[in-house]
Amino acid sequence: MAGRGGRVLLALCAALVAGGWLLTAEAQEPGAPAAGMRRRRRLQQEDGISFEYHRYPELREALVSVWLQCTAISRIYTVGRSFEGRELLVIELSDNPGVHEPGEPEFKYIGNMHGNEAVGRELLIFLAQYLCNEYQKGNETIVNLIHSTRIHIMPSLNPDGFEKAASQPGELKDWFVGRSNAQGIDLNRNFPDLDRIVYVNEKEGGPNNHLLKNLKKIVDQNSKLAPETKAVIHWIMDIPFVLSANLHGGDLVANYPYDETRSGTAHEYSSCPDDAIFQSLARAYSSFNPVMSDPNRPPCRKNDDDSSFVDGTTNGGAWYSVPGGMQDFNYLSSNCFEITVELSCEKFPPEETLKSYWEDNKNSLISYLEQIHRGVKGFVRDLQGNPIANATISVDGIDHDVTSAKDGDYWRLLAPGNYKLTASAPGYLAITKKVAVPFSPAVGVDFELESFSERKEEEKEELMEWWKMMSETLNF
């Protein structure tokens, strides 16, 4: 993954150096703006942010520009390719890019899953530019975030669909053309339907998390999954993400799990075990967006049913049922909590409105990112201080566990309250601790687990000591 991303980066950088900022011929696609148009874009920036639509070559150029400006805290990599061969590019921002630092949580933003929903794509490009600019200015909030969080930003999960939508004239950009990938697959209905599995497990007993454990090969062999879907599944499996948001368009609301209803009906509040923290996470986004959180905002369209919306948030199933969505897949296949944010009534609004969308969402994007530092965090180790990977962290009263990463580090998002946490692992004695969780920051709770073999040896030594004492006392 990283090697291929490195080769792409070297090629892009060579082209940038040779041509000032132009891309290679490989990046010039049919329908892409001419060089003169790209130069116009370079001139139309405000505080380092270009409030214009970025076609695929320009998206690559924008990410490379951020990397060239902030090489010490960023890197570009790809998680795979779209059906038509475009790279699914990610820019990472961290004080140690490319490395998972033990104890540091991992965050991701994904945009443009539906190719014709363009605002999220642009906001994530703007966000990368903003984080780089503000870090260099010494903005304390941004510096602290980048030093304490590994941030991954994927502006476009569906670059093929976006190119198709962007090539349409006028209003045809908006509602239909380019929504699906180049195969005609709706990516947000294409993930393994883990909701149906967990709903059965709720009734009959069974796992409540990591429902795709050790099934990567099956994912690769599933011909019904789009290449974009497979790439993201591997990404989710490979990196210990804690928090995520998937940016869409077509309405104004922050949507939280579950997306698919339990009964199969079209509309039904479908709470997940972490309903309390998910409501709080959704509000952390919506409350900083003045339009999204406005209780008097009229529906985007006359016949829209926004009755499930509360403070700019909604439970997914209460709004409308979505089987096979990426949001619930994150929650049920990994440790990652994800919400879906609808950013705009129009899916592909006029270019001149992009600046106002950025102004409405900038604080929300930062606020949501900060939520990763809530709940409980820590390490699970053995008595010798060695990390225990894949240890289970259970919360009494919440039927959804998380697991420790390879360094024994774990993160458990929780709403404020008093909890009992239990750490367990095969071959070890479980330990339970009580913890009072504030709104923020995350409380550190470490666990040291004793192995069964160590306990047996300890019991043997205690027995020998007892026998020695009895022998000395009774003189035999």
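Just so it is clear, glycine is given a Cβ too, placed from its N, Cα and C backbone atoms.
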Of His234, His248, His267, residue recorded by Swiss-Prot at the Zn(2+) site of His114, Glu117: His248
Reduced DSSP assignment, Asn139 (N-linked glycosylation site): coil
Zn(2+) site shell beyond His114, Glu117, His248, criterion: Cβ within 8 Å of Cβ centroid: Asn112, Met113, Gly115, Asn116, Gly120, Arg179, Asn188, Leu247, Gly249, Gly250, Glu342, Lys347
Cα-to-Cα gap, His248 (Zn(2+) binding site) vs Glu342 (active site, proton donor/acceptor), nearest whole Å: 5
For Glu342 (active site, proton donor/acceptor), the one of His114, Glu117, Asn139, Asn390 that lies nearest, given that the recorded positions are compared by Cα: Glu117
Number of other Cβ atoms within 10 Å of the Cβ of Asn139 (N-linked glycosylation site) across all protein chains: 16
Neighbour tally for His248 (Zn(2+) binding site), based on other Cβ positions within 10 Å of its Cβ: 23
